Every structure is written in structure tokens, then in C-alpha cells.
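Asker: This structure is in C-alpha cells; I'll ask about it shortly.
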Amino acid sequence: MEGLEENGGVVQVGELLPCKICGRTFFPVALKKHGPICKKTATKKRKTFDSSRQRAEGTDIPTVKPLKPRPEPPKKPSNWRRKHEEFIATIRAAKGLDQALKEGGKLPPPPPPSYDPDYIQCPYCQRRFNENAADRHINFCKEQAARISNKGKFSTDTKGKPTSRTQYKPPALKKSNSPGTASSGSSRLPQPSGAGKTVVGVPSGKVSSSSSSLGNKLQTLSPSHKGIAAPHAVANVKPRNSTPPSLARNPAPGVLTNKRKTYTESYIYRPDGDSASSLNGGNIKGIEGNSPGNLSKFCHECGTKYPVEWAKFCCECGIRRMIL
């Protein structure tokens, strides 16, 4: 071996010798120093370096203990052979079905259903789930089965009883106005006095007799006077000049009928939508034309709402506004 010059001197070097612990080769002089150090490092385990603890030194951050690794769950044995056999059985069943369809013979029975033995079967619906899904499903399926059984009991109990039907109630009939109430509504309108007015060309006796006959008819037709005797029977006893008891007791109905006749006969409908009635030779506009509550708010033809209250025609179809 050639010598190496070190610090101006020549050092004689022998052959390289391997270390018994780590297997590296050293010169004999260096191997004597390396042997005890290598033996010491081999026996002593080195701690793993944690950089988070080094960064947390000198600060208020508490040192967090490292999380221990969770042990891995044991692996279940694979049932590859069973899966392989089920796969072959399904292929053979499909081939047998195709052959039976071609030949036109009877169809073979379907293969039995396959299931995974690792899955847990639900005792209520007979389905299978893995462990996590089975824990959630079984509780839900239990409550659902209890509800369905309760409904079945209730239906069997009420099976013999007839179903209750809601009885139809007819709408309440509106009370028809009696002659007394009709007189209050019609008395607001300006009407001629029937007592003092005489018809031209007709004797006064005929007018009084016609008014009395109308009053008698109203009195006999009204339900409140059913028990009273007919006034014409009393008229035979009393003289003709005296007024009959029907007019003496209640003279208003005869006058009201005359007023009502004159009002209805003189009712005129104008083409512009206003209604007028001629009383005592004068024209008076009807209440229906003036009050907005009696006019329809929507068109009866197209259903469009009138933009203003005083509109007379529909702005969409042009139909005249209807008076209710």
C-alpha cells in the first residue's frame, strides 16, 4: 500500500477491514475507534424528532401529545371462491334461459338469490345491511312496523262500522219581506198620495171600491190575518157609504199597492245605463244607477275588473256594464 502524506509526514496504511456491526470498511487504526461508537449507537434507539415541540418551546402554546395510531381492524377472510361460484351459476342460468327461448321450451327456474354473509339481516323487512347501516335501519324499521300494525288493528276494529257521512244542510232561506216591511222600503221614494188623488174619467166610488178590493186581497193572503173573517161578509150588514173594516183598521196596504203599481209601471230603462221613473209628471233617477255598490265590479263577459267606479263599458271587450 502506498503511504499518505499527512502534516508533512508519510503514514503507512494497511488493508481496509470491515466493521462487524454496520459492515462498513475502515483502516485498522480507524476501525479501533469506530468499533465502540458503532456498538453504542446500535444498542441505543434514537428518538423521533418532533418539530412541533421544538417550535412550541419558549411560547405559551401547550405541547400537544401525539395521537396514538389506531389499531387497524382485523381483515375479514375473503370469500372469493363463493363469489366465483355464484358468478358461474348466474352465467349458466342466463345461457339456459337463452337456449329455452330459442327452442321454445319451458323456462328454467331462476337461480336462488345470493347474499353477502358479512351483511346483517333486518328481522322486520328481511333486508341485509352492513354494520353501520344496520344499526340505523333496524331502529327505524322497528318503529315503522309498530305503526303499520297499529293501523291494521284500527282498520279491523272499524271495518264493521259504516263510514260516517256528513249530512247535507240546505242553506237558510231568506225571509221574504211582508207588506208592512215593504212599505218602509218603498216609503223612502217620492210617491204620490193615493188618498187625495182622483183618476180622471173614473168616478170616486169606483176608485174607493177598487182600493178596498185590493186591500181585502192582501189581507186574506197574508198569514197574519188568516183567522179574521172576510170583510165582504161584514159589508152586507153595514151601509155602503161606511168604510169597510179592512180600510178602517189598516188603510196602508191599499195605498201601497197603488203606489207600487204606479212605480213599476212608470219604470223606464234608458240605453245609456241610467234608470228613471216618472212620478207626478217628473223624472227621478233610480238609486241603482247612482250607488256604486249595485254595479258589478267585474265584466260578466270576459271577467276584467273595471278600472274606475263610473265606467259604463268594459275596457277589454266593450260590453256594457251590468247593473245588479
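These residue numbers are counts, starting from 1, taken along the chain as shown.
Every residue gets a Cβ built from N, Cα and C, even glycine.
Found this in Swiss-Prot, in case it helps:
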ZN_FING   15-44  zinc finger
BINDING   Cys19, Cys22, His34, Cys38  Zn(2+) 1 binding site
REGION    43-83  region 'Disordered'
COMPBIAS  48-58  compositional bias 'Basic and acidic residues'
ZN_FING   118-147  zinc finger
BINDING   Cys122, Cys125, His137, Cys141  Zn(2+) 2 binding site
REGION    150-224  region 'Disordered'
COMPBIAS  176-187  compositional bias 'Low complexity'
COMPBIAS  196-215  compositional bias 'Low complexity'
MOD_RES   Ser222  phosphoserine
REGION    236-259  region 'Disordered'
MOD_RES   Thr243  phosphothreonine
MOD_RES   Ser291  phosphoserine
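Provide an account of the burial state, proximal residues and distances for the features listed.
Answerer: Predicted-model confidence for the zinc finger (15-44) is 91, expressed as mean pLDDT.
Cys19 (Zn(2+) 1 binding site) falls outside any helix or strand according to DSSP and counts as coil.
Remote same-chain partners of the region 'Disordered' (43-83), defined as residues 6 or more beyond its termini with a Cβ less than 8 Å from a stretch Cβ, comprise 117-118.
Taken residue by residue, the zinc finger (118-147) breaks down under DSSP into 17 helix, 4 strand, 9 coil.
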Asker: I want to check the contact list for Cys122 (Zn(2+) 2 binding site): same chain, sequence separation of six or more, C-beta distance under 8 angstroms. What comes out?
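Answerer: Listed in sequence order: Arg128, Phe129, Ala134, His137, Ile138, Cys141.
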Asker: Who are the chain neighbours of the zinc finger (118-147) in space, where the CB to CB distance is under 8 Å and they lie at least 6 residues beyond its ends?
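Answerer: Result: 76.
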Asker: Rounded to the nearest Å, what's the C-alpha distance separating Cys125 (Zn(2+) 2 binding site) and Cys22 (Zn(2+) 1 binding site)? Just drop the number here, would you?
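Answerer: Spelling it out, the Cα of Cys125 (Zn(2+) 2 binding site) and the Cα of Cys22 (Zn(2+) 1 binding site) are 66 Å apart.
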Asker: An 8 Å radius from the center of the Cys122, Cys125, His137, Cys141 Cβ atoms defines the neighbourhood of the Zn(2+) 2 site; name the other residues of that chain inside it, in order.
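Answerer: Apart from the listed residues, the neighbours are Pro123, Tyr124, Arg127, Phe129, Ala134, Ile138, Phe140, Lys142.
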